[in-house]
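Asker: Pasting a structure here, questions to come.
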4 protein chains.
Amino acid sequence: MKILLTAFDPFGGETVNPAQEALKQIQAPAPDMELIKLVVPTVFGASTQAVHEAMVLHQPDVVLCIGQAGGRTAITVEQIAINLMDAAIPDNQGNQPHDEPVFADGADGYFSTLPVKDMVAAIRNAGIPAAISYSAGTFVCNQLMYGVLYHIHHEFPNTRGGFVHVPYIPVQTSTMNRPTPSMALEDLVRGLEAALRVL
Amino acid sequence: MKILLTAFDPFGGETVNPAQEALKQIQAPAPDMELIKLVVPTVFGASTQAVHEAMVLHQPDVVLCIGQAGGRTAITVEQIAINLMDAAIPDNQGNQPHDEPVFADGADGYFSTLPVKDMVAAIRNAGIPAAISYSAGTFVCNQLMYGVLYHIHHEFPNTRGGFVHVPYIPVQTSTMNRPTPSMALEDLVRGLEAALRVL
Amino acid sequence: MKILLTAFDPFGGETVNPAQEALKQIQAPAPDMELIKLVVPTVFGASTQAVHEAMVLHQPDVVLCIGQAGGRTAITVEQIAINLMDAAIPDNQGNQPHDEPVFADGADGYFSTLPVKDMVAAIRNAGIPAAISYSAGTFVCNQLMYGVLYHIHHEFPNTRGGFVHVPYIPVQTSTMNRPTPSMALEDLVRGLEAALRVL
Amino acid sequence: MKILLTAFDPFGGETVNPAQEALKQIQAPAPDMELIKLVVPTVFGASTQAVHEAMVLHQPDVVLCIGQAGGRTAITVEQIAINLMDAAIPDNQGNQPHDEPVFADGADGYFSTLPVKDMVAAIRNAGIPAAISYSAGTFVCNQLMYGVLYHIHHEFPNTRGGFVHVPYIPVQTSTMNRPTPSMALEDLVRGLEAALRVL
């Protein structure tokens, strides 16, 4: 199985992105799994285009995108992406869309086509907190998940796709004054590898 | 410097106590630091007596007690213990005091005599979330902190004492349905060792 | 403008439903607005059927459904309903579906066709906390919102529909030991009337 | 019974203080209760001096101080004040003490001498969320509670004293983007009157 695994670069004033740090360390958890790793810019449009190009090039069986969801306590597997961009902060190129669709001709929402519940169960069985999330937000993460699923629906009928959000890592929250949950990078890696195992 | 380091056994239906697990792994972070480790029962009275006996026997320079504060996002260094026992759940011997003082002739509260702010800064500098806490609750943890400080005030004028609360570890929260923060055991150990360094 | 306004009866062990209590008191905020009020059972299927019948009978311009979202701090206007029923507790007739679609032939999600942002702004301008929500959950509330939008898409092209979640009222949280936000019934009513004004 | 009831003026960038707004509306809930109302500045030192002067002048049986604790979900009756000023923001005269005692010769902490649990129960019985709090913080509120109890211990042996924190009111949180609990002013007033009834 060929898996295209993506993560974003740092954004919103952070100097690291735990998704990107995890991506570096993740190893294929099974001999028949090939991981193609791609770091994408935290930019509306450009992130989806980068993943689309990689999909055309590598023809993966699965596209799994990883992003940071600061403030969450668990690794969360997203259920649905929505056709809405509404940014509270600018992306890494200064874009800040409001009330715009990701694709004007897209459906309101697309469900993940990955086994969301099985992935959550697998992470939890590894002793790591996990949950389903029913909203990937309205920033670049949701835009990428939506874009990938849009392209899958239109061009790649044999590819499955989905998104996983990871919490902050401790080095990020250690300087915050407001109580904010985090998860060790080692546990992010172990949790994500556990999720890969059930794809 | 001789440091008596204590942790509680599991309570409240949990099968592990992260404080106890951390205690096993903590190593003296400086050559002139001697650690005396003691696991105490999560029992009103008995826990304080066990630590008192160890204080008499070992005459430590510092008593640092460690306990679990499930739900917190950071290692928290306690500022004050209060002369009040008011238990929402029974302790490990079935005691559940309500509105009782720890020591009838004690002050309303005793401040930690450890460098609370320095300990927090040291843990944060190690990249691990930490904060001061102004309440150790009204269960066995606060009772032990209060008891140790009471004995210090009455019998051990040259000993310093305090309490640190640690979050759940991921294996505990991975089975909870409500979003609950946790911290990796490795980070608890590193954070506590960083705090020891500034005693 | 004819508005069909619905609310659920109490569920999950509660003896009141703040949505139902608010429905009783809401008054049309404009002379050209006619409110048709309907209490629906907190039951999968039956709730949607009841609203469908009322839509056939009254041919409303707008269907606005109101439900309780215990734990939220604000009146939240839902952006999207999803084609998924996954119940953590049984509904009021003992049904507890898992991983089932609301309608097998429905889209993955349907956006609210009400002016979500304007409604939020109107409630806030009335001095009452409000926010957009991007998940109505996977219980009966989401099912009803999805069902109404499904019927609108298939049968009622000139009708607009959406859903608003309200927090607990204080009488519900006054007996809870865990800190839980609430909002006064009077503020729910005022907030909902402010939202109606911009439909 | 003569009750000196105090509240602070707005601070921290807010234009209202819910404690002050509640103070205006509170009425004595029993014919034998006389309320003396005093608004005090949110200033270290000056607030305690103002209340001390009023205690000398009026010789009240009870001093009950009210303050805002933004972010709490319930009316909270404080158990203890501590001898520590450590301000995260400046007070209304620009003072921002760090690690200073309220009174150099004071005890580490003073318990409220009001019936904390009975007050919580009375508020809850009125259908309004309430809880005991074990920390009044380290800002002006704690300083005033500590100062009042210090003066009671040293000069007014027949006076009882304590502190109640109230949540934000909705008009404050309606403009905040982060979800923040609030409580209607009417409920603050009703809850505080219920608490007065059991003094």
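Cβ coordinates are placed from backbone N, Cα and C, and glycine is handled just like the others.
Annotations in TrEMBL come from automatic prediction, not curation.
Below, the features straight out of TrEMBL:
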type	residues	note
ACT_SITE	C:E78	active site
ACT_SITE	C:C141	active site
ACT_SITE	C:H165	active site
Asker: Can you tell me the CA-to-CA distance separating C:E78 (active site) and C:H165 (active site), as a whole number of Å?
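Answerer: Computed Cα spacing between C:E78 (active site) and C:H165 (active site) is 7 Å.
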Asker: Measuring Cα to Cα, tell me the gap between C:H165 (active site) and C:C141 (active site) in whole angstrom.
Answerer: 9
Asker: Including all protein chains shown, what's the count of other C-beta atoms within 10 A of the C-beta of C:C141 (active site)?
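Answerer: Step by step: centre on the Cβ of C:C141 (active site), count other Cβ atoms within 10 Å, giving 25.
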Asker: Would you mind pulling the DSSP three-state label for C:C141 (active site)?
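Answerer: DSSP call for C:C141 (active site): helix.
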Asker: Count the Cβ atoms, other than its own, that fall within 10 Å of the Cβ of C:H165 (active site), considering every protein chain shown.
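Answerer: There are 25 of them.
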